[in-house]
Amino acid sequence: MLLHRFSVPVALWFVFFVNGAVLSSWAPRIPEVKDDLALSDSALGTALLGIALGAVPAMLITGRVLRNARDVTVCAVAALAFPAALPLIGFATGLATLMAVLLLLGVLSGVLDVAMNTAAMRVQAAEHKRIIGTLHGAYSIGVMAGAGAAAWAVHLKADLTAHFLASAACLLVLGAMASAVLVASTSHSREDARQSRTTAAMAPTDKPRSRVGWVPVTVAVLALSGFLLEGMVTDWSSLLLRRDMGADPAFAASALTVFSAAMFLSRTASDMLSRYIPDGIFVVVAAGAVAVPTAAAIMVESPGVALVAVILIGLCAGPMFPLALTRAAHARPHEVAGVSARLSVIGYAAYLAGPPVIGVAAEYTGLPATFLGVTVVTAVCLLGTAFVWRRHSRHHRSVL
């Protein structure tokens with residue numbers, strides 16, 4: 001039993017790592033794929049859309065499938081299928097085949113995303129301690145590892161297909177070990193699941209059922225905020241530092257690296273810190289830490305201050321989605337898969353749509369003002385979330 005309790009969270013850690021590493025292994029090699037297939041910019045953009053077109057429906061469908069299927073089983077299968085599909089990119093012969101492969105990768109990514117988060121929330125509830133932040137930290141490490149290995153492959157001028165095959169092989173080994181533990185864990189929990197179903201059937205049913213998959217507004221705001229900030233910094237911070245603040249190109253390029261490191265550190269530490277810092281306090285502090293340094297950097301036009309702001313945004317944005325998942329699971333304990341799917345779609349939409357909207361706004365107001373505006377609006381939304389949580393907590397105590 002002790003081995004089981006230890007092994008499942010560790011197995012999930014590797015699943016999150018694999019999920020982060022797959023698509024980041026391909027991102028640095030996009031220019032090479034574009035040249036090999038002689039794609040125009042618009043054609044490449046169309047192909048890249050395949051990931052989103054596959055991921056979003058897959059997330060929603062997986063949320064429904066997990067009402068009847070075991071999350072760890074779906075997670076184990078997807079953790080093998082996702083990296084196994086990566087080398088197919090190297091066999092694409094044109095726009096149609098590349099888009100088909102990316103569509104498949106998007107589907108597998110969406111399935112794995114919802115399944116692993118649902119499994120993580122179930123294990124977290126069983127362990128009675130937060131682990132979701134650490135698991136999302138593993139995802140961040142996976143992203144950095146995949147991108148780093150791909151950058152090294154580009155430096156070595158390694159063959160595209162050979163690189164993808166090697167990456168897939170390494171990730172499949174990790175995925176296979178993790179999947180074996182997850183599948184084995186199902187035999188230990190079948191009796192518990194049977195007992196849970198029996199208890200649920202005997203429970204009174206006079207309480208009205210809420211709409212399936214409903215996500216509390218404050219939780220949706222938290223997920224939106226985290227992904228919007230992440231998308232903004234990922235796509236626009238280097239340009240802001242270099243063009244608008246006159247930073248050295250290497251200094252500007254370092255913004256994304258330190259941002260990713262900050263997100264990893266905050267996610268990994270968030271589980272431990274949650275024992276001492278209430279969720280509402282974290283959200284209030286995050287609101288100030290996101291907006292105030294950014295405003296200072298814009299006012300003084302200092303690349304150094306701007307880099308500090310980027311680091312603080314990373315530290316604050318990192319735990320937001322894991323916290324949103326935890327709050328959603330607490331609010332809807334019997335619909336974890338559904339709310340996990342919807343939160344993933346909400347966050348994914350913010351991450352994809354946010355940067356283009358910021359670009360359009362920057363055409364009229366300038367990038368510094370737009371960057372500041374997004375952080376201020378996000379801070380206001382976070383403060384509103386904390387206020388609602390505080391009122392709800394007071395009301396709950398008064399009822400008790």
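Any Cβ shown, glycine's included, is placed from N, Cα and C.
As annotated by TrEMBL, transmembrane segment applies to 44-62 (among others).
Tertiary neighbourhood of the transmembrane segment (74-92): same-chain residues 12, 15, 18-19, 21-22, 25-26, 33, 37, 62, 65-66, 98, 101-102, 104-105, 108-109, 111-112, 115-116, 118-119, 160-161, 164-165, 167-168, 171-172, 175-176, 178-180, 182-183, selected by CB-CB distance under 8 Å and a gap of 6+ residues from either end. Per TrEMBL, transmembrane segment is recorded for 74-92 (among others).
Tertiary neighbourhood of the transmembrane segment (98-119): same-chain residues 12, 15-16, 19, 22-23, 33, 37, 39, 46-59, 62-63, 66, 71-72, 74-75, 78-79, 81-82, 85-86, 88-89, 91-92, 132, 135, 182, 325, 336-337, 340-341, 344, selected by CB-CB distance under 8 Å and a gap of 6+ residues from either end. TrEMBL lists 98-119 (among others) with the feature transmembrane segment.
Below 8 angstroms of C-beta separation, residues 9, 12-14, 16-29, 32, 116-117, 120-121, 123-124, 163, 167, 260-261, 263-271, 274, 318-319, 321-323, 325-326 of the same chain, each at least six residues beyond the ends of the transmembrane segment (131-154), sit close to that stretch. Summarising the annotation, TrEMBL assigns transmembrane segment to 131-154 (among others).
Long-range neighbours of the transmembrane segment (160-184) within the same chain, counting only residues 6 or more positions beyond its ends whose Cβ lies under 8 Å from a Cβ of the stretch, are 7-8, 10-12, 14-15, 17-18, 21-22, 25-26, 29, 32-33, 36, 72-73, 75-77, 79-80, 82-84, 86-87, 89-91, 119, 146, 149-150, 153. According to TrEMBL, the transmembrane segment annotation covers 160-184 (among others).
If one looks beyond the transmembrane segment (212-229) by at least 6 residues along the same chain, the residues whose Cβ comes under 8 Å of a Cβ in the stretch are 63, 283, 290, 313, 316-321, 323-324, 327-328, 331-332, 335, 338-339, 341-343, 346-348, 350-351, 354, 374-375, 378, 381-382, 384-385, 388-389. TrEMBL lists 212-229 (among others) with the feature transmembrane segment.
The transmembrane segment feature in TrEMBL is assigned to 249-269 (among others).
Under the heading transmembrane segment, TrEMBL lists 281-300 (among others). Residues 222, 229, 245, 273-274, 306, 308-309, 312-313, 315-317, 319-320, 323, 368-369, 371-372, 375-376, 378-380, 382-383, 385-386, 389 of the same chain, all 6+ positions outside the transmembrane segment (281-300), place their C-beta atoms under 8 angstroms from a C-beta of that stretch.
Sequence-remote contacts of a segment are chain residues at least 6 beyond its ends whose Cβ falls under 8 Å from one of its Cβ atoms, and for the transmembrane segment (306-324) they are 130, 132-133, 135-137, 140, 219-220, 222-223, 225-227, 229-230, 233, 237, 240-241, 245, 247, 251, 254-255, 258-267, 270, 279, 282, 285-286, 289-290, 293-294, 296-298, 343, 347, 375. Summarising the annotation, TrEMBL assigns transmembrane segment to 306-324 (among others).
Annotated transmembrane segment per TrEMBL: 336-354 (among others), in sequence order.
Per TrEMBL, transmembrane segment is recorded for 366-389 (among others).
Under 8 Å from some Cβ of the transmembrane segment (366-389) lie the Cβ atoms of residues 217-218, 221-222, 224-225, 228-229, 232, 236, 239-240, 243-244, 279-281, 283-284, 286-288, 290-291, 294-295, 298, 301, 313, 354, 358, all in the same chain and six or more residues away from its ends.
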